[in-house]
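Taken straight from TrEMBL:
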type: TRANSMEM; residues: 51-70; note: transmembrane segment
type: TRANSMEM; residues: 82-104; note: transmembrane segment
type: TRANSMEM; residues: 120-139; note: transmembrane segment
type: TRANSMEM; residues: 145-167; note: transmembrane segment
type: TRANSMEM; residues: 188-205; note: transmembrane segment
type: TRANSMEM; residues: 232-254; note: transmembrane segment
type: TRANSMEM; residues: 290-314; note: transmembrane segment
type: TRANSMEM; residues: 334-353; note: transmembrane segment
type: TRANSMEM; residues: 360-380; note: transmembrane segment
type: TRANSMEM; residues: 392-415; note: transmembrane segment
type: TRANSMEM; residues: 427-450; note: transmembrane segment
type: TRANSMEM; residues: 456-476; note: transmembrane segment
Amino acid sequence: MAPNSSHRARYAARQQQQAQYTNLNSAGGMVPSGPAVPDDASRGRCFGLRLAMGTLPIGFSEAMAILLLTSSLVDAGVSSWLIGYGWLVSPLAAILVQPCAAVWSDRSTWSRFGGRRKPFLLMGYVFALIACAVLSLASELPGNSIVYLAIGFGLLFISNNMQLLMLRSLVTDTVPRQSMGVYFSLQTLFYVFGASLTYALGYLVDYEGAWWIEKLKSDSCGSMTCLHLRGLAVLCGCLQFIMAHSVLMLPEVVTAVPPEQRGRCCLCFKWIADFFCDIKDLLVNATSTGLVFLAAVGGFIGVSALMIYGVTFLTTDGLPSVMPLQERYAMATYGLYGSMILGVVTAMCLPFVERFGLDISLCWVVSLLLFASLLISSLALPRVADNKAFGLSWMILGLGPMYATQLTIPLTLLARTGTASAALRMSMLSVAQAVAQILVSVTGGLWAGIFHQGAAVFAVSAVCAALAALLALAVYGATKSGRAEYYDGLEDEESAAASGGLVEMADASVVPPRIIGKV
């Protein structure tokens, strides 16, 4: 039966509307002009909430790896000198996955799948579900459990990098620049909240005598480490499955890539080479972007040092030696949990920085200087170890707030600086974090051996944070002096509010759904 006239009219209107945002008139990777979202339902708070909540399972799985990767490898019988190299899996996954996903996504021609970001989000969710299944059943599967742990955590890190890059790129694709800081802050808020949820549920799983402990136990999985991993992996899989349905329903910009760009999408190694060539050009030609990248590396060095060595240092040197070792370890872990809660509070406050007329670059400078002073105070921590309040305060104030700041302010600056493709700019922060993790993992033990004290890695990290503060100050000077191509949209927003009109966006690389930013 032929469709009636109303159906034909709706179909023609939909085709005409879709034609406004399916053509690319410039090089691959640029976002076309026109309305980003064709339907009205996506323009409200529901769109922004789903876009921000997508990072919750990522934070949950990252914290699960931080909490259980080392203990799971020890429980499986891995040598202690090999465990440090196990922490290199996460940054190596970021360096290998982000280039492929960024370049492939920017040059994607998958308009029939609803956009250039959703296919990679779907792959990320599939990898996450497989990883959770493997980790929860590692002790039951035939063969060596170490192999299954390596496969499970490797797939989990690949999934996290792919999801995080695509969610950040969706923000740059669909949100006006004056509202990007708010959305990145909300994504960081849910990311840190997911990490805090992991630590809270970890203690719940550890509750002796609970009925769920008996349900998780088996002949091959009786240790608390195995039970922790199994319980949290099941919860992580449920979160990933629930969030996949919500995020994959998000409308997205659909793009078409010119024929001359399609030929460049050939080999994985070609994507990686193109990615790092693009980053080299971006760092050389866009001075402020390079400064943001280097400052982010300096800040993440201190964050990585606290993540990898913080609990161990606090257990051995930062708490009273008269306390039993298990009690000291539990208290250090409580400090880590409190730090994540404070990170959630920090992420909630960051969206209001610009609302109060403060400059985010200067706020980044101040936070890096405070972080450097906190890291250098670790040298005095063994002298006051008899008072456990000092050690707990050091851990609580150190990791969470700076981690939330590092995941928000540099990302906002990268999104507003330069004209490179969205995925390229968003992946630079993950590459900076990966570089910092590799440096700390490889050289952390070296500094401790040279200076013969565990606080040496934190002292070196404090120097890096201080240098990062100077670089962030240079970013502030470059953006304010006009030497950097920087746009925050605030002047357009004020003029539009005065005239009663909508914000006019001159930059075609950013697609403005006009109402999304008003949350």
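In case you wondered, yes, glycine gets a Cβ from its N, Cα and C as well.
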Chain residues in Cβ proximity to the transmembrane segment (145-167) (below 8 Å; excluding those fewer than six residues from its ends, i.e. six or more beyond): 51, 54-55, 57-58, 61-62, 64-65, 69, 72-73, 76-78, 86, 89-90, 93-94, 97-98, 101-102, 105, 117-118, 120-121, 123-125, 127-128, 130-132, 134-135, 137-139, 187, 233, 247, 423, 426-427, 430
The transmembrane segment (456-476) versus listed stretches 334-353, 360-380, 427-450: most Cβ pairs under 8 Å: 360-380
The transmembrane segment (82-104) and the transmembrane segment (427-450) contact flag, 3+ Cβ pairs under 8 angstroms: yes
Other parts of the chain folded back onto the transmembrane segment (51-70), taken as Cβ under 8 Å at six or more residues beyond its ends: 83, 86-87, 90, 128, 131-132, 153, 156-157, 159-160, 163-164, 167, 170-171, 174, 183, 186-199, 202, 225, 228-229, 232-233, 235-236, 239-240, 243, 246-247, 250, 307, 340
For the transmembrane segment (334-353), distant same-chain residues with Cβ under 8 A (at least six beyond the ends): 63, 181-182, 185-186, 188-189, 191-193, 195-196, 199-200, 203, 310-311, 314, 360, 363, 391-392, 394-401, 403-405, 407-409
